[in-house]
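Database features (TrEMBL):
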- 1-29: region 'Disordered' (REGION)
- 20-29: compositional bias 'Basic and acidic residues' (COMPBIAS)
- 99-148: coiled coil (COILED)
- 177-232: region 'Disordered' (REGION)
Amino acid sequence: MKRVFGVKKDKEPPPSIQDSSERINKRGDTVDEKIKKLDAELARYKEQIKNTRPGPAQVAVKARAMRILKQKRMYEGQRDMLYNQTFNLDQVAFASEGIKDAQQTVSALKSANKELKGVMKTVKIQDIDNLQDEMMDLMDVSSEIQETLGRSYSVPDDIDEEDLMGELDALEADMAMETESNEVPSYLQPDLDAELSMPSAPTGHATSAGRANNQAEDELGLPAVPRASLRG
């Protein structure tokens, strides 16, 4: 049977967009090379036309130049067509890559959505709210503790700061005046009224004078013996 009908050949895979684009680009490069050669020939014919006198020779050169120009226009048309095909293939390749990227994005979103659903099952909004409330209460208690520990034990709470500032200003004024007069500050001067009101301590001279008025004493403090009694 194989000899009669032959063996079925495997179909070749269709060319990819990249392969088609590369093949068209190669054809375009070939056409560009042909156009460059025709430009060189046209430049040579232009020089010949300039250097040739009007007549049959110049007409023949112009005919050749016209034929080369027609070929150039034909190749330029082919080149433009190839460029358009390459542009279309690039657009298709871009769209194909965009679809592939979209498929990958959708797959990634599905996977992320599945993971988020699994995570959200273990997290409850009510638990989060309760945790936030507890944290706020703890912060309030901590603030109260810090405020309590920061209180001063020696300064009462009902002191007026304006009165303190006034008293401080008056004290500074007094100190400035006393410094200018080179006197001892009033708060360092002794209390003269208190010293005058206190009784003075008795001295040794006053005691001896009192005893002299009453009776004479000897060197030992005993009553002196009159000299008349000693003589008798």
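Using N, Cα and C of the backbone, Cβ positions are placed for all residues, glycine too.
Those TrEMBL annotations? Automatic predictions, nothing curated.
Per-residue pLDDT, averaged over the coiled coil (99-148), rounds to 90. Among residues of the same chain six or more beyond the compositional bias 'Basic and acidic residues' (20-29), those with a C-beta under 8 A of the stretch's C-beta atoms are 79, 82-83, 85-86, 89-90, 93. In terms of DSSP secondary structure, the compositional bias 'Basic and acidic residues' (20-29) contains 10 helix, 0 strand, 0 coil.
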